Amino acid sequence: MPAIITPNKTEQERKRRVEDHDNGAGRRPPTDKRTGGGGDNDNWNERPHGRRGPYERLHRYRMGIFFALASDLMFFVAIVSTFFVNQSTGHFDAYNHYVNEWLPTTIPPILWLNTVVLLLSSGTIEFARRNMFRETDVMDEWLGLGKPITRRALPWLSATIGLGVLFLTGQWIAWRQLARQHVFFKTNQSSHFFYLITGVHAIHLFLGIAALLAAFTGLYVSRQLENRQILVDGAAWYWHAMGLLWLFLFTLLVFFQ
Amino acid sequence: MIWSRFTSAATQLPWSLPADASAHGPALDHHLLLNLWIALALLALAHLILFTGLLARRHSAPNHLWRIEYLPLAALALLFATLTVKAERLWAAARYTGASPTALQVEATGVQFAWYFRYPGPDATFGLTHPNLVAPGEGNPLGVDPKDPHSADDHVSSQLVLPANREVDLRLNAQDVIHGFSIPEMRLKQNAVPGQTIHLHFTPTTPGTYAILCTQLCGLGHYRMNATLRILPPDQFANWLATQQKAAQ
Amino acid sequence: MTPHSNVPPTRSHGPRKLTPKPHPILSRIFSTDHRTIGIQYLILALVSVIIGTTLSLLMRIHLVWPDWPLPLHGLILPEDYLALVTIHGTVMLFFVLTTAPQAGFGNLILPAQIGARTMAFPGLNAASFWLTAIALITLLCSTFAPGGAAISGWTAYPPLSAVPSAGPGQALGMDLWLASIALFAIASTASSINTLTTILRNRCPGMTWERLPLTVWGWFTAALLSIIAFSVLLAAILLLFCDRHAGTSFFLPNGDLVNGVLHQGGNGSPLLWLHLFWFFGHPEVYIAILPGMGLTSMLLANFSHRRVFAYRTMIVTTLLIGLLGILLWGHHMFVAGLNPFASSAFSISTMAIALPAAAKVLSWLATTWRSRPSYKTPMLFALGFVSLFITGGLTGPILAQPILDEYLHNTFFVVAHFHLIMAMAGIFGLYAATYYWFPLLTATRSHPGRLLSEPLGHLHFWCTLIGAYAVFLPMHLTGLAGEPRHYAQLTGIPGPGGSLSPAGALLSHTLPLNRFITYAAFFLAAGQLLFLINLARTLYKGNFASSNPWQATTLEWHPTMNPFTPSSASDTSEISVHRMPCHYQSNKVEISFLPQWAPVSFAQGEIANATDSKPE
Ligand code: HEA
Ligand code: HEA
Ligand code: CUA
Ligand SMILES: [Cu+2]
């Protein structure tokens, strides 16, 4: 067990944000690992790494995003189950023959490229995210030695935004290509789903890019390190989830139509 | 026995179950009444316990956990399991299998806001229908295709007429929205879903005139989307069918 | 027990200084303070319940006196009746029974009960409320839409709801209805994310999972169900919207001919909507009742001065009801065209849920058993909840048997079932919460909270209980007699030759009983005026309450949780929890209680061992 730095009396009596159980973003180094009460009568020192003291608020936001993503997952599960139901439904035609008119939509090849782009962007955002938590940099910032974190994370974040826009452009090109072959949203059952799934996913990516832009401005504007960490971390997890979801949806569109 | 006493007592009340006129009805009624009496008994028992507990003098908190927690639960589990098994048996008898091949073929179609019934005629095959051909004003509310050889002898009626004591194989369709085909006196209810044909089989027993209702909200005329079921003795039914067929040709 | 007085006790400190804000009124309206938001939710629910009740009375009037002209409107046409049913069901279920217990009291009480000073995401919280308010306004606007309000019930089955040509109200009215529910779904999801994170992250030291009050478990499970269920509803609404406006046919079958308009080319399935809707719809009704169940457990223990019987089992059954609740949506579709084998499977899972529910009932009975409770109004409403839950719940397993549902589906038997267990039990839970927590709702920085009048409360309770049973018990009978739901009229359905058709005869049979139900509904609604009078009177000049008027043990009654506190909240040291809730001890002469926040005292620990195990 690591040594516990017992806070001295003056520090204990300073004004604290009780609701946050003191998130440590104030005067003490943000990497400090102290014990504290996190419910369940537990000792933070006994918790796994990264689950201690100062990251309270970060973890709260992360948890919120995870719940939101769980809910979002159900949204897509509903759409995908509709996909399977619709795919297997046919009807009786005028001659009493059972017909299933499902005509799979050919996937524009550019989607493969887009997938690679999205995967790359997941990598870049992960670098940005990790850079937010490098301990030496965090200490430097806290000591007032410039903004090394921002310096390190910004290029990765910008790259992610670029790749995200590239992906959306790629999707748009894919829709245009389909439209040139006269496959529209209305055309047939499988095109309903192709446009619906890619479209809804694209809306999610728009929101993701908005979050990345917010993180981007946050890196410039916010003086509190913790806020910046939260912004980048939240955007990153959301972005990862959208990447994963795309893999799943893309597999569905390519192999299960 | 006791149950039949309860049953007959209950049917005399002005708001009781409508009379039953189908072969599977008595078993259903019996099971329903059994359920109702059990629910009533549990209701009374639970309230009795509640009131006794409230009125009695204060006593220490109960703490024999297994006896008052798990024993009643086990008893209730047994009770509900028995009811489930009984109900599933009846359900299986009614729905798991299709009608016998000799059953009378009838088709019922729900349209906002009427029921139409179609008899296949001597060839025992329904003619094809086509939504493009639907023309209620011209006497073809179901869109029967005149080019189909099977449709010539089909006969469409706004009244459902059935012989007593013969199994009926009813195919349910809907043209526009979901309707609910329900004959309370036959203890029968099944939604008619557009794009789907659902088979339903039952055997009417008692001749008489009964109500056919729509029990799935289908628009403003939902409440007046009803029809009449006439159950005739077999010989009268044969006469009726013959006259209808003659009129159709 | 409670020192009543009309003079606010003097505070030891002066009023806390407020940090200056630019727009005092705006910042109070668009507050991110969870207590303010909770009150806002309750006001929204109160407005909704008044609207919903008025609509239900109009429905009842029209059912028995179809020729009565509604002032300023004229005759109630069939489509008006269906619009009434639809808006009544939607307003009551979504905007009353989902908002008030879960979001309203969830904001007002939940943080305090786990020893947190705020919700996890105050901004998100305010956003959820305003989204809910916009959803309500959208719904109310839909009644004025050209072409009328939506008429397809709260379940909105397509193709009726998918095709604007299907009848009045299915054009703009339906669009607004769908938009309203979509907004509501988003708002509820956001507020549930907030609730879950708050419970998981903001508990005070010592608040272990086991020590969480059962109310918190109710909110927790309901929030879990919300994030699972509402997004499925949202997806279904999106698909339906595409069907209506983008030419798709997810729910439209091939060759569907509605009112002369032919829909060709689609291969959708209306049953798919039923699956998606009920996957949401069934959890939704449990969302409405779970907080009430938790509260009932806590109140029965509080006023009986007992521990909750089988506390751990109660936690497990709450979660179990939530879990099973997601698995049995098909019991609304026994006769909707499901495969009969699927019906059997859903039937069995539905029967299974009767067991955790019965375990809850047993715990309630055992908690009050020979306890000589004090009959304060909140206790009465909690007991009423138990009674109504049993009465309404016992018809559940009857409906859950497909062969019986084949007769009972969409009759007033179902209406009776869900009004007793959901509407009435839910309302009783709400009233219990209101009477119980009123001091916390009304406490401000300048004066302590007020208590609602007990005599008026008792009268209100008896009127509501008698009214509830008088309205909804006879509905079982009209349902058994065959009266279907959603029937705009029971009389005057002509048959051939001007005579009464068999259908008309069947339905008019139930008229005498229906008249009685209508009278009883008026009595029930009039009884609610007592509550409104009590509310108005108390807000104006009610008795002030002490800081813990009910000798409660849970944290929301901790002196510093109250806004009227001697010292400001952030100055006090952190609250910590030392034991499970409802720690009561009784010996022959007196009853003592040990709040969750009180540090263990040696002497009382010994009393616990010495008493309460031996009778008398
Ligand atoms: C919470 C839910 C709720 C509540 C309270 C009610 C209350 C009432 N309902 Fe309703 N009802 C529904 C939910 C509810 N209903 C639903 C979901 C449907 C189905 C809709 C559909 O098919 O689409 C329905 C349908 C329905 C029908 C069927 C119509 C039909 O199918 O033809 C009828 C008919 O009599 C009816 C009547 C009544 C009556 C007389 C009351 C009376 O009890 C009203 C008296 C009112 C009260 C007792 C409430 C007082 C409460 C408060 C004042 C709360 C205080 C608030 C706070 C403390 C914040 N309702
Ligand atoms: C809060 C809301 C709520 C709750 C809790 C329930 C609880 C239950 N419901 Fe209900 N239900 C609705 C709200 C609710 N329902 C609504 C709104 C509808 C209609 C929707 C619509 O169509 O518009 C509906 C419709 C509905 C149907 C469909 C009917 C139909 O349309 O044909 C079915 C069928 O299975 C059903 C079953 C059940 C069951 C088995 C329970 C069980 O959970 C009940 C469990 C409780 C008990 C079993 C009582 C326990 C007590 C005892 C066992 C006593 C113990 C005795 C002693 C100790 C002596 N419900
Ligand atoms: Cu057809 Cu209701
Ligand atoms: Cu249900």
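Every residue gets a Cβ built from N, Cα and C, even glycine.
Taken from TrEMBL, the feature region 'Disordered' applies to A:1-51.
According to TrEMBL, the compositional bias 'Basic and acidic residues' annotation covers A:10-35.
Sequence-distant contacts of the transmembrane segment (A:61-85), counting only residues of its own chain at least 6 positions beyond either end whose CB sits under 8 Å from a CB of the stretch, comprise 193, 196-197, 200, 204, 230, 233-234, 237-238, 241, 245, 248-249, 252, 256. Annotated transmembrane segment per TrEMBL: A:61-85 (among others), in sequence order.
Summarising the annotation, TrEMBL assigns domain 'Heme-copper oxidase subunit III family profile' to A:62-257.
Sequence-distant contacts of the transmembrane segment (A:105-125) (same chain, six or more residues past either end, CB-CB distance under 8 Å): 156-157, 159-160, 163-164, 166-167, 170-171, 173-174, 177-178, 183, 188, 190-191, 193-194, 212, 235-236, 239-240, 242-243, 246-247, 250, 253-254, 257. Positions annotated as transmembrane segment by TrEMBL: A:105-125 (among others).
TrEMBL lists A:153-173 (among others) with the feature transmembrane segment. Proximity of distant same-chain residues to the transmembrane segment (A:153-173), defined by a Cβ-Cβ separation under 8 Å and at least 6 residues beyond the stretch ends, is recorded for 108, 110-111, 113-114, 117-118, 120-121, 124-125, 127-129, 131-132, 198, 202, 205-206, 208-209, 212-213, 215-216, 219, 232, 239.
TrEMBL lists A:193-216 (among others) with the feature transmembrane segment. Cβ atoms under 8 Å from those of the transmembrane segment (A:193-216) belong to residues 72, 76, 79-80, 82-83, 86, 105, 125, 154, 157-158, 160-161, 164-165, 167-168, 171, 174-175, 178, 183-185, 228, 231-232, 234-235, 238-239, 242, 245-246, 249, 252-253 of the same chain, restricted to positions at least 6 beyond its ends.
If you look at the transmembrane segment (A:237-256), the same-chain residues 6 or more away from its ends with a CB under 8 A from one of its CBs are 62, 65-66, 69, 72-73, 76, 80, 83-84, 105, 107, 111, 115, 118-119, 121-122, 125-126, 160, 164, 193-194, 197-198, 201, 204-205, 207-208, 211-212. What TrEMBL lists as transmembrane segment is A:237-256 (among others).
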*What mean pLDDT score does the domain 'Heme-copper oxidase subunit III family profile' (A:62-257) have in the model?*
88
